[in-house]
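The structure's right below; bear with me while I get my questions together.
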């Protein structure tokens, strides 16, 4: 009995491996529609594309929740929104020493990138609080020169974007979360996704590398995920984090059903085929939702991970992830 051939749509997508050029929207939609039995074939191609055209190795970063809760936006998945009723720790912006302590721990554990994250809509204009964050960044650069400092502070304006660019941050994170056409329905209606997209454009015009992706499992369909992939391609972001929803008690999505595993695998793999040369990062849901299958997703096109914990939920120990990254290297 001969080996069954690849599905024609998957065979056609092998052009990405040869040329490094991404697949188009129609091809991505065709792959997204294939049944689960083809998921591992798509994943295998995505892993080959990552190895040939990606940045090499597995990028790791860690974040600190430097200001927690009492956010006025109504994001349906988020424990930090004051519209929701989650039991989380709430505190104002921490001091520089607290940030330095966390950042030094990252350096000691071999994590190269460290992100300062704050709750809230963002900083359209310069403020005392924003100046404090700039001072934190300056101190990290001064005392930990090997550390790549990142930030995720919400929506920015021209002055605040320019100020961050002047501080030489490695990446700025702001996610579009879902396909822009369904943002108000699936994520939040207290602000528009265009405000986030304009922040990406502002930062890129100022020479800042942008980390921008989304979340899956919030009620979207595979077709919606493909549309998000192409919105990200139009924005030309550098790093693409993919979060798998971790339902949190007290949020509107606390009872959201788990996604079928084959859909998650296809989402990661097709993202790689649409973005063959970008860093694709597995963020939330890696340990808590995917559990035994997290390694499979890291072999489905992803080449980055968030380590050491998330904003309001625990992650895996950095030492465990360091061993995990070393094991993944054998597939490169």
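Note: Cβ is positioned from N, Cα and C throughout, glycine not excepted.
Straight out of Swiss-Prot:
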- 53-283: domain 'Radical SAM core' (DOMAIN)
- 71, 75, 78: [4Fe-4S] cluster binding site (BINDING)
- 150, 211, 281: [2Fe-2S] cluster binding site (BINDING)
Counting only residues 6+ apart in the same chain, whose Cβ is under 8 Å from the Cβ of residue 211 ([2Fe-2S] cluster binding site)?
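150, 152, 171, 172, 173, 174, 237, 238, 239, 240, 241, 281 - these are the non-local Cβ neighbours of residue 211 ([2Fe-2S] cluster binding site), listed in sequence order.
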Enter the number of other CB atoms within 10 angstroms of the CB of residue 75 ([4Fe-4S] cluster binding site).
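Its Cβ has 23 other Cβ atoms within 10 Å.
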Grab the pLDDT values for the domain 'Radical SAM core' (53-283) and give me their mean, rounded.
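In the predicted model, the domain 'Radical SAM core' (53-283) has a mean pLDDT of 96.
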Measuring CB to CB from residue 78 ([4Fe-4S] cluster binding site), give everything in the same chain under 8 Å that is also at least six residues away in sequence.
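Listed in sequence order, they are 71, 84, 248, 251.
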Please report the number of other Cβ atoms within 10 Å of the Cβ of residue 150 ([2Fe-2S] cluster binding site).
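Its Cβ has 22 other Cβ atoms within 10 Å.
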Take the mean position of the Cβ atoms of 150, 211, 281, the recorded [2Fe-2S] cluster site. Which other residues of that chain put their Cβ within 8 Å of it?
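Not counting the recorded site residues, we get 61, 113, 115, 171, 173, 239, 241, 279, 304.
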Specify all same-chain residues, apart from the site residues 71, 75, 78, whose Cβ lies within 8 angstroms of the center of the Cβ atoms of the [4Fe-4S] cluster site, ordered by sequence.
73, 74, 77, 79, 80, 81, 83, 84, 119, 188
By the DSSP assignment reduced to helix, strand and coil, which category contains residue 78 ([4Fe-4S] cluster binding site)?
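Residue 78 ([4Fe-4S] cluster binding site) sits in coil per DSSP, no helix or strand.
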